[in-house]
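The block underneath contains the structure these notes are about, expressed in C-alpha cells.
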Amino acid sequence: MLEIGLTGGIGSGKTRVADMFAARGAAIIDTDLLAHEITAPGGQAIPALVEAFGPQCLRPDGAMDRDAMRAVVFADPAAKARLEGITHPLIRELTTSRAAEIAHAGEHPYLIYVVPLLVESGAWLNRVGRVLVVDCSEDTQIARVMSRNGFSREQVLAIMAKQATRAQRLAVAHDVIDNDGPVEALTAQVDQLDRTYRALSAAGVTQA
C-alpha cells in the first residue's frame, strides 16, 4: 500500500485536506489525534507525565493540561525533550499498530499519515513513500490561527518560529497542495492527487 506523509505549517489546512482525502476513501492516521489519545484521562502517557512533571501537568479530569504543558516546554528545551521522550515512542507504537490493521483489512486504496512536524522529526521522511505538503502564505497562516485559536499575531509567529520554514517543507515535498485559494481549487487538487495515489498504489508503487 502506498503510504503518504501529509504535513504543513500551523494554519495551513492539514486537517481539512486530510478530511477531504478520507471522504474519497483514503485511510488516515493523524498523529495529533494519537497524541490526544495517549494524553486523555487514563491514557498510556499519563503515569509517565505525572512522574516527570508532577500532578500539576494534569487537568481536573485527569487529561494532560495542554495549555500548561505548552507554556512549560516553550520556555524549557529540556522539558520539551522529556515530554517528547514520553509521547513520541507511544505515538510511533500506535502508528505502527494502526497501519498494520489498515493494511490487513485491505479496505483503503492508500494510507495518509498526518504529521505536523514531519520535516522536523526526520525519521518520518524515511518511513513514508511520498511527502505531501499543504502550503499557503505566512500571512494566511497567521490570519487563520488568530481567528481559530484566538492567539495574538506574536503568539502565532512564536509558534511558526519553532517549526520548519515554508522553504524547508517544500524542499522535501513530492506533492504540494496550494491552500491559499477558494475551496473549488482545493477540491480540484485533492481530486487529482487522489487519482494519482490510487493509480500508484494499484500499480504496486510504494516509493516516489
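Glycine too: its Cβ is placed from the backbone N, Cα and C atoms.
Worth saying up front: this structure is predicted, and the values here are computed from it rather than measured.
Features as listed in Swiss-Prot:
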type	residues	note
BINDING	GLY11, SER12, GLY13, LYS14, THR15, ARG16	ATP binding site
DOMAIN	3-208	domain 'DPCK'
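Under the three-state DSSP scheme, SER12 (ATP binding site) falls in the coil class. Apart from the site residues GLY11, SER12, GLY13, LYS14, THR15, ARG16, the chain places the Cβ of GLY8, VAL17, VAL134, ARG144, ASN179 no farther than 8 Å from the centroid of the site's Cβ atoms, the recorded ATP location. For the domain 'DPCK' (3-208), the model gives a mean pLDDT of 95. All protein chains included, THR15 (ATP binding site) registers 17 other Cβ atoms within 10 Å of its own Cβ. With the fewest other Cβ atoms inside 10 Å of its Cβ, the least crowded of the binding-site residues GLY11, GLY13 in this structure is GLY13. Each of the binding-site residues LYS14, ARG16 was assessed for Cβ neighbours inside 10 Å, and the highest tally belongs to LYS14. Taking all protein chains in view, 25 other C-beta atoms sit within 10 angstroms of the C-beta of SER12 (ATP binding site).
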